[in-house]
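Q: Take a look at this one; I'll ask things after.
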Amino acid sequence: MVTAAPIPDARASVTRRSTIVTDYLELFKPRVTLMVIITAAAGFYLGSLRSGISPLNLQFVWAMVGMAIVTAGSSTLNQVLERRTDALMPRTQSRPMAAKRLSLAHGLVIGLLCIALGSVLLAVTTNLITSMLTLLTAIGYVAIYTPLKRMSMAATFVGAFPGALPPLIGWTAARGFIEWPAVALFAILFVWQFPHFEAIGWLYRADYARAGILVTAVAKPDGRATAAQALFYAVLMIPASLWPVWLGTSGWAYGAAAIILGLVYLYTTLRFTRITRDLPPAESRKIARDLLKVSVIYLPLLLAAMMLNAHGRIFF
Ligand code: HEM
Ligand SMILES: CC(C)=CCC/C(C)=C/CC/C(C)=C/COP(=O)(O)OP(=O)(O)O
């Protein structure tokens, strides 16, 4: 007679097994990279339509592939630099660099190779400004934001610059230069990040404290500053998301969608401000987790609405 292995153990052994493929995937932070590419694609799409060109062309594919490779390389170097602090936090301790499954040289070579390869690809297939801006974004994220995380609470604000550049770069990939609609897309992404990150900072404040990473939720444990920052930017999100209507980049149907989505983001952030009350830890975590979830659903929906109603047209 064959006895089945207990299910929880079997699951644990499956989740713990790492291969070079799963390690590379983890290095490349696929969910963040995908979101970066979604925002860049929105910029490219809107820029192409501005030129009266169909966005569905080979140029689009090359630009997205180049940016994805540089983003993956940047995430790799971020994990190379943070291998010691990542090892101190439950959320990140099983990452390949932190867990020492990959050597320092291995991570460095993969990261630098991806950044170089992606930047050259963009210079050859897209244009020089797109290649340079992508490289600058990678430098801002890896060489400025990442080391700053252990030095100053300003790191989040600084990190919001590289975080917001991808849709502007998508626009330059299509148009060849920076214009106001690209700046509006940058502003939207810039503002969006604060409720997103304040929720994460609160959720993982114990991790960040252990690793010596300076986030608002660690410096001000009563949650008031965390809640205030998230709320300030969630309110700002509504006018920022309406800027493309004013510029004529998208129409009023998008404007209505942006207001509704903005109110949902604001409502979820308002609920998040309850962290300042003496809530049971599980409830406090839940409202922070809800804000994180809403942030990652809000952004693609907003951009999809903007694209569907681009320059006042309605696409079905
Ligand atoms: C200052 C800026 C930002 C910081 C500090 C930050 C930090 C983080 C952290 C620590 C996580 C992991 C949360 C977890 O494991 O539960 C995360 C998740 C995520 N971030 Fe950000 N982020 C920032 C900006 C961005 C930007 C610009 C994008 C893309 C456009 C982005 C997209 C995502 C996505 C898609 C997830 C995955 C959420 C999930 O797993 O459900 N983030 N972010
Ligand atoms: C086009 C291009 C080169 C884009 C690169 C910029 C990029 C990946 C921005 C992501 C936004 C960001 C600052 C995340 C910070 O997470 P974190 O690194 O603090 O998260 P962690 O704690 O999970 O490591």
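Glycine too: its Cβ is placed from the backbone N, Cα and C atoms.
Pulled these from TrEMBL:
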- 32-48: transmembrane segment (TRANSMEM)
- 60-81: transmembrane segment (TRANSMEM)
- 102-122: transmembrane segment (TRANSMEM)
- 128-148: transmembrane segment (TRANSMEM)
- 155-174: transmembrane segment (TRANSMEM)
- 180-204: transmembrane segment (TRANSMEM)
- 225-246: transmembrane segment (TRANSMEM)
- 252-270: transmembrane segment (TRANSMEM)
- 291-310: transmembrane segment (TRANSMEM)
Q: What residues elsewhere in the chain lie close to the transmembrane segment (291-310), defined as a C-beta under 8 angstroms and at least 6 residues from its ends?
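A: Those are 35, 38-39, 42, 45-46, 49, 167, 188-189, 192, 195-196, 198-200, 203, 230, 241, 244, 249-254, 257-258, 261, 264-265, 268-269, 271-272, in sequence order.
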Q: Do any residues of this chain, six or more beyond the ends of the transmembrane segment (252-270), have a C-beta under 8 angstroms from a C-beta of it, and if so which?
A: 195, 230-231, 234-235, 237-238, 241-242, 244-245, 290-291, 294-295, 298, 301-302, 305-306, 308-309, 312, 314
Q: Below 8 angstroms Cβ to Cβ, which residues of this chain, lying six or more residues outside the transmembrane segment (180-204), approach it?
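A: The answer is 39, 42-43, 46-47, 50, 89, 91, 156, 159-161, 163-168, 170-172, 215-218, 223, 226-227, 229-234, 236-237, 240-241, 243-244, 247, 249, 265, 268-269, 272, 275, 284-285, 288-289, 291-292, 295-296, 298-299, 302.
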Q: With Cβ distances under 8 Å as the criterion, find the stretch in 32-48, 60-81, 128-148, 155-174, 225-246 that has the most pairs with the transmembrane segment (102-122).
A: 60-81
Q: Under 8 angstroms, Cβ to Cβ: which one of 128-148, 155-174, 225-246 has the largest number of such pairs with the transmembrane segment (60-81)?
A: 128-148
